[in-house]
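These notes are about the structure you will find just below.
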Amino acid sequence: MKVSDRRKFEKANFDEFESALNNKNDLVHCPSITLFESIPTEVRSFYEDEKSGLIKVVKFRTGAMDRKRSFEKVVISVMVGKNVKKFLTFVEDEPDFQGGPIPSKYLIPKKINLMVYTLFQVHTLKFNRKDYDTLSLFYLNRGYYNELSFRVLERCHEIASARPNDSSTMRTFTDFVSGAPIVRSLQKSTIRKYGYNLAPYMFLLLHVDELSIFSAYQASLPGEKKVDTERLKRDLCPRKPIEIKYFSQICNDMMNKKDRLGDILHIILRACALNFGAGPRGGAGDEEDRSITNEEPIIPSVDEHGLKVCKLRSPNTPRRLRKTLDAVKALLVSSCACTARDLDIFDDNNGVAMWKWIKILYHEVAQETTLKDSYRITLVPSSDGISLLAFAGPQRNVYVDDTTRRIQLYTDYNKNGSSEPRLKTLDGLTSDYVFYFVTVLRQMQICALGNSYDAFNHDPWMDVVGFEDPNQVTNRDISRIVLYSYMFLNTAKGCLVEYATFRQYMRELPKNAPQKLNFREMRQGLIALGRHCVGSRFETDLYESATSELMANHSVQTGRNIYGVDSFSLTSVSGTTATLLQERASERWIQWLGLESDYHCSFSSTRNAEDVVAGEAASSNHHQKISRVTRKRPREPKSTNDILVAGQKLFGSSFEFRDLHQLRLCYEIYMADTPSVAVQAPPGYGKTELFHLPLIALASKGDVEYVSFLFVPYTVLLANCMIRLGRRGCLNVAPVRNFIEEGYDGVTDLYVGIYDDLASTNFTDRIAAWENIVECTFRTNNVKLGYLIVDEFHNFETEVYRQSQFGGITNLDFDAFEKAIFLSGTAPEAVADAALQRIGLTGLAKKSMDINELKRSEDLSRGLSSYPTRMFNLIKEKSEVPLGHVHKIRKKVESQPEEALKLLLALFESEPESKAIVVASTTNEVEELACSWRKYFRVVWIHGKLGAAEKVSRTKEFVTDGSMQVLIGTKLVTEGIDIKQLMMVIMLDNRLNIIELIQGVGRLRDGGLCYLLSRKNSWAARNRKGELPPIKEGCITEQVREFYGLESKKGKKGQHVGCCGSRTDLSADTVELIERMDRLAEKQATASMSIVALPSSFQESNSSDRYRKYCSSDEDSNTCIHGSANASTNASTNAITTASTNVRTNATTNASTNATTNASTNASTNATTNASTNATTNSSTNATTTASTNVRTSATTTASINVRTSATTTESTNSSTNATTTESTNSSTNATTTESTNSNTSATTTASINVRTSATTTESTNSSTSATTTASINVRTSATTTKSINSSTNATTTESTNSNTNATTTESTNSSTNATTTESTNSSTNATTTESTNSNTSAATTESTNSNTSATTTESTNASAKEDANKDGNAEDNRFHPVTDINKESYKRKGSQMVLLERKKLKAQFPNTSENMNVLQFLGFRSDEIKHLFLYGIDIYFCPEGVFTQYGLCKGCQKMFELCVCWAGQKVSYRRIAWEALAVERMLRNDEEYKEYLEDIEPYHGDPVGYLKYFSVKRREIYSQIQRNYAWYLAITRRRETISVLDSTRGKQGSQVFRMSGRQIKELYFKVWSNLRESKTEVLQYFLNWDEKKCQEEWEAKDDTVVVEALEKGGVFQRLRSMTSAGLQGPQYVKLQFSRHHRQLRSRYELSLGMHLRDQIALGVTPSKVPHWTAFLSMLIGLFYNKTFRQKLEYLLEQISEVWLLPHWLDLANVEVLAADDTRVPLYMLMVAVHKELDSDDVPDGRFDILLCRDSSREVGE
C-alpha cells in the first residue's frame, strides 16, 4: 500500500481493521464507504472452499471446478504479512434479522440467474431485476447467513429437545407408529450442516416481503414497508376476527429479540399467506374482501404425498392462534432437523420440503376453520367436559358408586388430546347436591316446561337413539331427550350451558376472595396442592401420585420430566385397577381438604392396619419431610444351607463350589443386606451360578413368591440364557416381553430380556405399579420383586452407539427390587463406575463399609438408587491373569477367510465333534463367509440386521443341535454364550479392542484355540469418540494385565500365559490339540510347496480389498481347481524341465510332479499316480537325487543318469508298468536297468506322467492331451499324445533314437532335456533302450507300456477327467486335499461365484419364460384353472407396509446390488413373484390367521428371495389346500355347476330374497341404485356399513381418477382400512382397484350394459339406469369388506364359501344364479338384495328377522 493510500486509509477511521484482517477468509468485509472512495480498487475473483467454507481468492493453482464456481468482487488489496494478502470488499453495517445486507454499487452481477436456480431451487417462481439484486445479497454474505441459520436451528433444536413432550411439539412431529416423539439427538456438527443447507431458504423467509411476488400484501400507506396485516389476517381466517397483537407478537420476549425465533416465525406466516394467495390482485391498495363463496382459490386442495401432518387447533381465538404459532415453531425444527431421516432435506423437484409442510399445515388449519363441525381428534372435547355432563343416555358420564354412595364423574377431557376417561369421585356433600338436582329439581323443571317444549334442535354432538329415522326426529323429541339426559341446560336459548358461563362464575366467586382464579389456574393450583400437601405416605403409594397427575389432565411424561413424578400409565393396568387407583386418589384428596374425615373408598378395605397407622403418623406432621417407609411383608429366614440345597438340585448330589471366592459371593448375594452388588470375574468363571443358585433358593420359599429379572445385552443370548436357567425345572423362566405385554402371570420366577426391554417405558410403568397390580390381581402382598440382574453391564459405557437407547433406564424405580446385581467379565472399576452412573445409580462405593454401619446409614433409607454399589473384583483378588487356559495366536495373513478355512478344516479333521465361532467385522462379511463355507461345514450365521425372533432361533439351534459346527457372526456372538463343545474361536477384525478380545476368548470355557487373524499391510481404523482403542502389537497377556490393573511381568518369568508360543499353563487336551493341528499344518505345507512357485498372475491380485466373495458351489470350485491344474502343473513341468532336467525331473517326479499331480488331480488320477509312484518311489528318488546329481547329470546321462533313473524307475516305472505289463516285462525291465533302460523307463515315466497329468486336467484328455496343456507342454507332449500314444511310443523305439538320446544328453543336460521334452520325449526315451532291452522293453512298450499308456489315457484318465469335470463333484474328492483347493480359489469383486450359482438355481426354479409368469404356474395349476384363480392387481401395494418394500436395494430381489441374483432379460422379478406368493397365502387364511402369518414371516419382510425359498418348501401342501378349498369356486366360475337359491335350505327359511323371482330381484336392484343416484350417496361407504353420506363428485365424474380423489377426500379409504381387514394389505391396494387391474371384468360388464339396454328397448319399456363401471366396482368392494353382510350371505347361500382376495370376489359376483322361478340373474344382484334386506323393510312381504335359526356348524354374522 502506498504512503498516500495509507494516509487516506487512516483518515477513513477504520477502527476494526486489525480484527478484520485476522479473519481467515481472503475476502474481508469493510463497511467504510470513505475507504473505497479514496483508495483505488480492483476486480478479483473469489470462490468458496467446500471443505472449510472460507472465501478464497482465485490463484494460478486454483482448480477448474473452483474457477467455475468463482464470483467477482470490487476489492482493495492489503498486504498483512510476508506474501500474505487480504482483500477488502464494501459491505454496509452488519445486517440484522429484519433488514439484512444492502446491495452496493461495487457489486458486479455475474450469473445471478444461474445462482438463483441452483442455490435457492425456486425456479418455479418469477423474479425481476430488483429481485435478483435482493437475492444476490445472500451470495455476497453467505457466510453470515450460514451462521445465522445455524444459530436459529440450534436454538430450535434446544427448545424441542428440552420440551419433547410439549403439546405443540407433540402435535407437529410425532412418530405415528409408536406415538413417541422423534426429536433426535443431533451433534453440533450435524446441526451446522443442516443449518447451512437451510440458509438460502432462511434468507428467502427473511426477505420475502422485499420481492415483487409479495407486493400484493404490502401496506398501502406511503413509506410503510411492513405487511398489510389486516388484509393478511382476513386471508388467513376469513370467518373469525382475531386480535392483531397476537398475530404480530407471538411472545413479548420474542419480539424484543430475547428469542429471535419470533422474527423468523413472523416471516414464515407471511410466506404462508403468499403461498395461499391467488397472486397479485389490483396492486397494493386493493382492499377487496373475499366472501365465503370465494374461498376455494384461496385454500387449494393439497395432495399430501404421504406426508403425515397432525391437525391443529383452529386459530379463531388469540389463545389458539398462539398455540398454532407454537406448532409452527416446532414445525421449523421438525422439517429442517429432527425428522430429516436422510441427508436430503430439500426436495429438488418440488422446492423446499419445509414449504410443503407449511402449506399442508395451514391448509389443515384453514380447513378446520371452514368446516368446524368436522370431527377433529385434537378438538374433541374442546372444554373440560363440564358442559357435557349427562346422567342418562348414550353419552352418560355421571354415575353412583354402589359402595360409598358417592357421585362419580367419567370425564374424557385431556390436555394431550387423548379421549381416555378419567374417574373423579365427589365428596358426600357435593354428591348430595347433585343427586338432589337430578332427582328433584330436574323433574320440577320438566313439569314446568311441559310436553310442548321444543327449544332444542338436533346438533351433531347429540347421539340420538331409539328412532328408526333420525332425520324425522322433531325438536320436541330432541328437547325431551336432552331434559332427561344432560345436567346443565339453558332452557331459554335451547342449548347447553356454555363454557363461558361457568368461566364467568369463576370470575365472580368466591366473592370474599381478593383474587379470582380461572379454570386453568384453579386446576394448576389443585394439582400443586396435591403434589406438595397430599403427598405419598408410603413407598407403595407412588403410583397414586402418578394417578393424580393423570386425573389433573397432565400426561405421564409431563408429570415425570417437569414435576418429578414417577412414571406411570393407566393403560398399563386393567380396567378395575385403574378405577381403584383413581378412587384412592380422590379419597386422599377429600380427606386432606377435610370434606369427609371418615370417607373411605371401596378399595381402602383391603389395606392393612399397619398401613393405616403409618399413614396417620405421617399425616400428623405435614410440614416435615416425608420419609419413605417400606411396607412390611412376610419374610422367611435364610440360611447357608439354602444355597447348598439349590446347588444339589441343579448339579446333583456331588455339587461343590469352584473355590472359596464363588462360595463367598453366593452367600453375599443371598444373605447380605447390600442393596446393590457389582461383580467382575473372568469369563468362564461361573458368574451365572452366582445368581442362579440364590434364585433357586428364593424360589423354594413357600410363603413369599419372588419375581426376578435378568437382562442381557443382545438378543442372541436370550435362548442360551433361558436354556441354562431353566434346566432341571428348578426355575420357571419366561421372556420379559410376556411381562410387558400381559403382566405377571403368577407362576414365573425369572423373566429374561435384553437391554432394550429394560429401557422401555412399558417396563418402567409395570414396575412402578407392581404393588398395586399384585394386590388387585392376586389379593395378596406376598409376591415380591426379587433380584434385578444385569449381565455384561460394561456395555452401558462401552457401547457408544447404543447409549441413546439406554436413556430410559434412568426412569426405572430400582428401589422396588430387593437387590440389584451387575455382572461382567470386563468391567474394571473405572468402567463399572461410569456404567452405573450412566443408568442413574450413584456408582461404586469409594470405600468399604461395615454392614452394621450400613444399616445405620441414612443412605439406606433412601433406597437402592441412592446407595453406592459394592464392587467384588475377583480378578484382582486372585491376582491371576484371565484366559491363561486358552492358546492365543495372533497371525498376519494374506487372506483372513482362507486362513480361517484352513484352521477350521484342520480342527474338524482332528476333532469332528467340536464347534467353532468365527467373529467377522461386518454383516456383509458374515453372509459371504456363510455362503462360501456351507459346502464344508454345517454353518449358522447371525448379525444385527436379523429380527429378534430369528436371532433367538438360530442361537438356540447352534447351542442345542450337535450337528452344527460353525457359528459366524459379528461381535454380538462373543458375549455370554456358553457352549461345551466349543474348541476354537477365530476373530477376523482389525479394530478389535481389548474387551471384545477378552469376551471372545472367554467363550472357550475348558480350553481351546483362539486365532486373531489380520491382513498383512493393513492398518487399524481410527476409533470413534468414546470407543476403546484397538489392541496393540505385542504380547496379548500384557495388554490383558494392563486392562485389569494387574502387575506387569514384562521381561520377567511368567510373562506369557497361553500366548507367544507358551504352553505351560495349557491343559493336556489343549496341548494335544495344538500338536495335531501343527502336524496337519506341516502336511498342508508340504502338499502346497508347488504353489509357492506359481506365477504371480495366479495369486490374488488384490489382497487388501475389504470385501471378498468366495466360490460357493462345487462347479465353481472345480473350475478354479482345473484352471489351476492346467496353469500350475504345466508351468511347473516347464520350470522343472528347463534348468536341470535330471535333478528336476526326478525331484519333480518326487516332490513336485507327484505332489502337484496328487494335489491338483482328483481321486482317479491320484490312484493312477499313486499306482505308478509309490511312497517308496519318492524316497528312492530323493535318495538318488543328491547334491552330486547335478554334476552327474550335467556331465552326461550315460551311467549316472541310468543309475539315478533306474533308482527312480525300479519302483515307479515298474509299479506303473507293472500295472499294465506282465511278469516277464517287469523282470526284463528290472534286469535291463542299464544305460538305456533307465532312459526308456524315465521316458515312460515322463510320457505317462505327462499323459496322466494332462489327462487329469480337462475333459478331452483322451483324444488330445496336448489340447489341455500349456504352450511348452503342448510342444513336447503333442508328439507323444497324438491320435495314438501307443503308435508314437512304438514308433520311437528305433536304433537311431539311441544316438539321438546320447547326443542330446552329452553336451548339455538342460538343453538335452529341453530338446527331449519338446520334440520327442517319448520317442527319445523309448528309443534309448538297448537292443536286448528293446526286444524286451519294446515288447513291453508295444504290449505292456502301450497298454499301460492307453489304459491310463483311456480308462484311468477318462475316469479322472470325468470325475474332475463333473459339475456336481464329489464332496469327499473335494475335501481330499483341501489346501490346494483353497489357495487356488478364484476371487471376483462383483458377481461372485456364489451369486452366479444362486442366480442359476433361482433361474432354473423360476424360469419366467413369459411376461405372464404367475406363481400359480409354479405351484402346478393348469391354464384353465389359472384363468379363474389369476391374481389380478397384485403388486407392491398389496403388501403391508415394510414387507418387500425396502428402498436403496435392487428392485427385483431386494438385495444389495453386489449380491443381486436377478438375471439379464428377466421379465418378472422375484419380488413380483413373492407378492403373488403372499397373495396365495392370503387365499387360504382368514383375517386373524393371515395377521399371524405376517408376524411369522417377519424375518423375510426384507428378503423376497428367501421368502420364495420358504414358500417353495410348502409347494405341494399349498397346491393341495387350494385345490381343496377352492374346488367349489372353480366349479362355479368355470360354469360346471350352477347356483340355485332353492338348493339353499337356510336361505329359503331365513330370507325373503331367496323366495323372490328373478324379475323382483332385478327391480329391487334397480330401485337401490335409483335411490343412491337421487341422493348422491357414496356407493362404497353405503355398501360397506349402510352409511348414507353424500358425495356428488363420485356421480358426476366419468374418470376413475376423479372418483378416487373424491373418495380419498372424504376419507373413505382411510375408514375402510381402519374398520376392516383391508388394513392387512397395503394402504393403496384398495384405491388402485379402480385402475386397469380388472379391465377384463370391466369390458364384460360394459358389454352386459349394452345388452341390457338393447333388451329393454326391445321389450318396449323404459330402460332402467344401471350404474357405470366405477360405481359398480365401488359396490362390489364395499360388499367384500362388509363383514356382517359376508357372514350373512355365506350362511344363506350354501353353495359358496369364503374367498379372501378381492379379484376372486369380483369374478364370483358376475356368475349367474337361478332365482326361485328358475330365471337367471347375476349373483351381484342377489347380493344387493340381501344387503338391502339387512338394512330396510323394502322387501316384498315385509321385513324378515335377522336372528335366524343357527346351524350347528356355522353361525350367523353379527
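Quick reminder: no glycine exception, Cβ is built from N, Cα and C everywhere.
Taken verbatim from Swiss-Prot:
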BINDING   ALA681, PRO682, PRO683, GLY684, TYR685, GLY686, LYS687, THR688  ATP binding site
COMPBIAS  1361-1384  compositional bias 'Basic and acidic residues'
DOMAIN    668-845  domain 'Helicase ATP-binding'
DOMAIN    900-1051  domain 'Helicase C-terminal'
REGION    1142-1384  region 'Disordered'
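Listed in sequence order, HIS885, GLY1002, LEU1004, ARG1005, ASP1006 are the same-chain residues at least 6 apart in sequence whose CB falls under 8 Å from the CB of GLY684 (ATP binding site). Least packed by the Cβ count within 10 Å, out of the binding-site residues PRO682, PRO683, GLY686, is GLY686. Sequence-ordered, the extra residues of this chain that approach the ATP site, with Cβ no more than 8 Å from the Cβ center of ALA681, PRO682, PRO683, GLY684, TYR685, GLY686, LYS687, THR688, are GLY825, GLY1002.
Every protein chain shown contributes to the tally, and the Cβ of THR688 (ATP binding site) ends up with 17 other Cβ atoms within 10 Å. Mean pLDDT across the domain 'Helicase ATP-binding' (668-845) comes to 84 in this model.
Counting every protein chain shown, 22 other Cβ atoms lie within 10 Å of the Cβ of TYR685 (ATP binding site).
The number of other CB atoms found within 10 A of the CB of ALA681 (ATP binding site), across every protein chain shown, is 23. Cβ environment of LYS687 (ATP binding site): VAL679, ALA681, ASP791, LEU823, GLY825 lie under 8 Å away, each six or more residues apart in the same chain.
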